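What Swiss-Prot annotates here:
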{"type": "DISULFID", "residues": "Cys14-Cys26", "note": "disulfide bond"}
{"type": "DISULFID", "residues": "Cys21-Cys39", "note": "disulfide bond"}
{"type": "DISULFID", "residues": "Cys135-Cys147", "note": "disulfide bond"}
{"type": "DISULFID", "residues": "Cys154-Cys171", "note": "disulfide bond"}
{"type": "DISULFID", "residues": "Cys184-Cys196", "note": "disulfide bond"}
{"type": "DISULFID", "residues": "Cys203-Cys218", "note": "disulfide bond"}
{"type": "DISULFID", "residues": "Cys230-Cys248", "note": "disulfide bond"}
{"type": "DISULFID", "residues": "Cys242-Cys257", "note": "disulfide bond"}
{"type": "DISULFID", "residues": "Cys283-Cys300", "note": "disulfide bond"}
{"type": "DISULFID", "residues": "Cys312-Cys325", "note": "disulfide bond"}
{"type": "DISULFID", "residues": "Cys345-Cys355", "note": "disulfide bond"}
{"type": "DISULFID", "residues": "Cys351-Cys364", "note": "disulfide bond"}
{"type": "DOMAIN", "residues": "133-173", "note": "domain 'LDL-receptor class A 4'"}
{"type": "DOMAIN", "residues": "650-699", "note": "domain 'EGF-like 3'"}
{"type": "REPEAT", "residues": "384-425", "note": "repeat 'LDL-receptor class B 1'"}
{"type": "REPEAT", "residues": "426-472", "note": "repeat 'LDL-receptor class B 2'"}
{"type": "MOTIF", "residues": "800-805", "note": "motif 'NPXY motif'"}
{"type": "TOPO_DOM", "residues": "1-765", "note": "topological domain 'Extracellular'"}
Amino acid sequence: LLAAAAGAAAGDKCGRNEFQCRNGKCISYKWVCDGSSECQDGSDEWEQTCMSLTCKSDDFSCGGRLNRCIPGHWKCDGQQDCEDGSDELGCAPKTCSQDEFRCAEGACISRLFACDGEPDCPDGSDEASCAPSTCGPAHFRCNSSSCVPALWACDGEPDCDDGSDEWPARCGARPSPQPGRGPCSRHEFHCGSGECVHASWRCDGDADCRDGSDERDCAAATCRPDEFQCSDGTCIHGSRQCDQQQDCGDMSDEVGCVNVTLCEGPDKFKCHSGECISLDKVCNSARDCQDWSDEPIKECATNECMRGNGGCSHTCFDLRIGHECHCPKGYRLVDQRRCEDINECEDPDICSQLCVNLAGSYKCECRAGFQLDPHSQACKAVDSIAYLFFTNRHEVRKMTLDRSEYTSLIANLKNVVALDAEVASNRIYWSDLSQRKIYSAQIDGAHGFPAYDTVISSDLQAPDGLAVDWIHGHIYWTDSVLGTVSVADTRGFRRKTLFRQEGSKPRAIVVDPAHGFMYWTDWGVPAKIEKGGLNGVDVYSLVTEDIQWPNGITLDLSSGRLYWVDSKLHSISSIDVNGGNRKTVLEDEQRLAHPFSLAIFEDKVFWTDVINEAIFSANRLTGSDVHLVAENLLSPEDIVLFHNLTQPRGVNWCEKTALPNGGCQYLCLPAPQINSHSPKFTCACPDGTLLAADMRSCRTEADVILSTQRASTAARPQLTGSPAGTTQEPLTEPTLSTLETATTSQQALHNADGRGSEGTPRSVGALSVVLPIALLGLLCLGALVLWKNWRLRSVHSINFDNPVYQKTTEDEVHICRSQDGYTYPSRQMVSLEDDVA
């Protein structure tokens with residue numbers, strides 16, 4: 001009765017979404033029957049408790065002892081989610097639709113891919129039994145029988161698999177490039193396959209060109225004195241030999257190693273005199289150590305755990321000599337005696353998304369829109385299907401994650417590289433390196449030949465990276481030739497260069513519009529990963545060490561971590577958005593031979609590899625479970641994951657103000673949210689113009705010059721005619737180039753005035769009148785000075801040792817006073833050379 005009363009009293013304390021343990025403790029219902037016990041008595045995992053649970057109508061019941069419930073669309077998705085695999089039992093065979101081709105091994109591909117000259121089925125059956133292809137009048141027939149548009153022939157870029165569209169027999173001999181005008185700079189090596197790589201990568205033992213030409217005709221490698229030469233001829237640092245890790249490809253660095261770590265393990269005892277004996281020889285009344293340290297009389301006869309538990313907070317374990325304090329699972333020993341709880345949540349990768357620390361353990365939870373997979377403990381999306389969009393040089397393809405089958409989204413492109421999507425508007429954006437343009441198209445109408453719009457068509461050289469700000473309606477892109485990062489609205493009407501640096505080579509870019517930041521890779525010298533505000537302010541480097549050729553970059557918003565691939569180090573790495581907690585997810589020279597781009601969804605990372613011509617996936621937390629997603633792809637480059645959860649909704653502060661576009665005349669750009677006092681947005685003007693004094697409207701440099709001249713002209717009469725308290729509206733200070741232009745203009749005006757006054761007849765008559773008046777004035781002034789000196793001799797003066805000066809209103813100076821509280825103070829360059837001159 002007492003137990004029942006206590007249980008009833010405790011039951012009143014539990015909420016509607018809580019489960020009451022048998023001992024009265026309250027836990028969340030989502031923790032019941034999840035495979036780990038949160039109740040101290042284990043009642044949340046009892047069989048009778050789990051069998052009493054009922055799944056929702058649209059869920060699937062796994063049955064068994066735990067009777068777990070999973071979303072209904074997880075059944076027959078090719079992934080085992082139930083503990084016993086019952087969700088993948090009794091599934092109907094996969095069927096292909098009418099517009100799909102069924103491969104011999106069962107996979108489905110678009111019929112457009114059958115007999116197109118490229119094997120898309122894993123077994124190549126889509127290219128078997130194909131009739132010889134016939135090219136239309138607007139196409140060129142390659143030597144391999146495939147067809148490419150006739151406009152692509154002899155354009156300097158090989159489009160046929162065998163390069164026959166650029167053979168000299170058809171196109172003629174091409175003139176050799178003049179010195180200094182080649183496609184690569186003097187600090188780069190020109191690969192035989194066309195691309196440019198760092199000159200320092202030539203003959204470094206690692207093929208960086210697609211055709212491996214950077215490693216041809218190289219002298220035999222010799223190792224330095226501080227290096228170890230592997231049996232295959234490669235060199236590693238000497239400290240890596242016998243470090244219990246295989247660093248040589250042939251594992252020769254771990255052959256013939258002698259274990260010098262003696263006296264380690266629970267069955268060993270090290271004497272004070274240096275000998276190592278087995279533990280069973282301690283306290284056996286025999287001298288095994290030279291100094292008798294194995295036979296201390298007092299310690300051998302004492303069980304320290306019998307007195308006060310040996311001072312241990314939890315478990316005391318008696319040894320032959322002394323004792324040890326042990327801690328239960330989930331705790332650690334902090335001072336050889338006391339145990340404290342381990343906060344497992346300090347590891348950012350301990351959980352898929354959210355981590356809840358508990359006494360002695362932890363719990364993983366998921367954000368809204370995701371559900372925890374009871375089998376893999378991964379957070380999986382519960383709503384719409386996720387798609388992978390990737391570029392295949394001449395087209396954009398779409399792949400479903402649950403079937404790994406793809407269709408053509410946009411075909412007949414020249415050299416598509418960068419790609420991104422706007423989920424809410426169902427629109428994709430891409431850049432074409434050959435056309436030097438950025439395009440967009442509606443996904444609904446994209447069935448191989450969609451109508452697409454030209455967004456940016458000028459002032460582009462190599463738009464290698466592209467990112468869409470889905471909250472504020474902007475696109476950001478990089479240009480590795482110009483060394484710039486730029487922004488424009490999604491229609492391309494308004495654009496601005498945000499970042500430009502000599503020698504930089506920005507490549508991939510990703511944005512976080514909710515917090516106002518962008519991140520991009522730069523494989524210039526030195527290589528780095530940069531971070532800056534979406535309005536172009538506060539740019540600094542996040543990663544500068546252990547990085548050589550950073551290519552693709554992506555941001556996992558759910559965990560707040562950046563992931564990037566390094567094509568030189570053959571690795572996938574990650575950091576938090578502030579540059580800390582760096583981790584290497586995966587290193588693999590085979591499957592990361594030349595990674596180009598990557599994407600994140602749920603617990604998987606997907607990447608494209610140019611050399612393997614494939615798409616791979618792996619666990620983003622551990623780097624394990626590497627799978628081949630798609631193969632036989634022609635130059636797969638950018639990859640984007642399309643799902644509504646990858647682009648969560650946010651507030652567009654530029655549209656929340658009373659004035660449209662935030663009151664900005666040109667562009668309203670989100671500002672980085674560094675702290676709670678950060679502005680929500682700032683205004684920006686097109687290249688070659690400046691913000692006006694109101695920090696919202698724009699004006700040209702010519703307007704600045706005229707304003708400067710007017711201010712200097714109006715200032716002269718103010719010295720005598722203006723009241724002391726009068727102030728003028730502050731003007732935006734001109735830049736250095738503006739100052740030089742203003743100086744030149746004023747000098748020209750001065751010269752013009754001088755030329756206009758030369759040779760005037762009136763000047764002679766005026767001079768004859770002014771000179772007598774001036775002489776008379778000087779005589780009067782001299783008489784006045786003599787009279788004042790005579791008066792001062794008869795006046796006694798009083799001197800104050802500590803004079804006090806009263807400040808008047810003429811001394812007030814207002815510096816950088818802004819009329820808009822949501823703007824940054826303008827950064828201007830001041831030159832002292834003009835003052836010195």
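Using the three backbone atoms N, Cα and C, a Cβ is placed for every residue, glycine included.
Features recorded in Swiss-Prot, as mapped to the structure shown.
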{"residue": "Cys14", "record": "disulfide bond", "DSSP class": "coil"}
{"residue": "Cys21", "record": "disulfide bond", "DSSP class": "coil"}
{"residue": "Cys39", "record": "disulfide bond", "DSSP class": "coil"}
{"residue": "Cys184", "record": "disulfide bond", "DSSP class": "coil"}
{"residue": "Cys196", "record": "disulfide bond", "DSSP class": "strand"}
{"residue": "Cys203", "record": "disulfide bond", "DSSP class": "coil"}
{"residue": "Cys242", "record": "disulfide bond", "DSSP class": "coil"}
{"residue": "Cys300", "record": "disulfide bond", "DSSP class": "helix"}
{"residue": "Cys312", "record": "disulfide bond", "DSSP class": "coil"}
{"residue": "Cys351", "record": "disulfide bond", "DSSP class": "coil"}
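Sequence-distant neighbours of Cys283 (disulfide bond) (same chain, six or more apart, CB under 8 Å from its CB) are Asp294, Glu295, Glu299, Cys300, Arg320, Ile321, listed in sequence order. Sequence-remote contacts of a segment are chain residues at least 6 beyond its ends whose Cβ falls under 8 Å from one of its Cβ atoms, and for the repeat 'LDL-receptor class B 1' (384-425) they are 77-78, 94, 100, 107-110, 112-113, 120, 148-149, 152, 157, 159, 431-435, 441, 443, 446, 448-450, 452, 463-468, 470, 475, 477, 490, 508, 597, 599, 601, 606, 608, 615, 629-630, 633-644, 646-647, 649. Cys218 (disulfide bond) falls within neither a helix nor a strand when secondary structure is assigned with DSSP, and so counts as coil.
Separating the Cα atoms of Cys230 (disulfide bond) and Cys242 (disulfide bond) is a whole-number distance of 12 Å.
Ranking the disulfide-bonded residues Cys154, Cys325, Cys351, Cys355, Cys364 by the distance of their Cα atoms from the Cα of Cys39 (disulfide bond) places Cys364 first.
Over the motif 'NPXY motif' (800-805) the predicted model carries a mean pLDDT of 39. According to its DSSP assignment, Cys364 (disulfide bond) is in a strand.
When secondary structure is read from DSSP and collapsed to three states, Cys26 (disulfide bond) falls in the strand class.
The Cβ of Cys312 (disulfide bond) has Cys305, His323, Cys325, His326, Arg337 as same-chain neighbours under 8 Å, each 6 or more residues away in sequence.
Under the DSSP three-state reduction, Cys154 (disulfide bond) is assigned to coil, being neither helix nor strand. For Cys203 (disulfide bond), the same-chain residues 6+ apart in sequence whose C-beta sits under 8 angstroms from its C-beta are Asp214, Glu215, Cys218, Ala219.
Taking CA atoms as the reference points, Cys248 (disulfide bond) and Cys242 (disulfide bond) are 11 Å apart.
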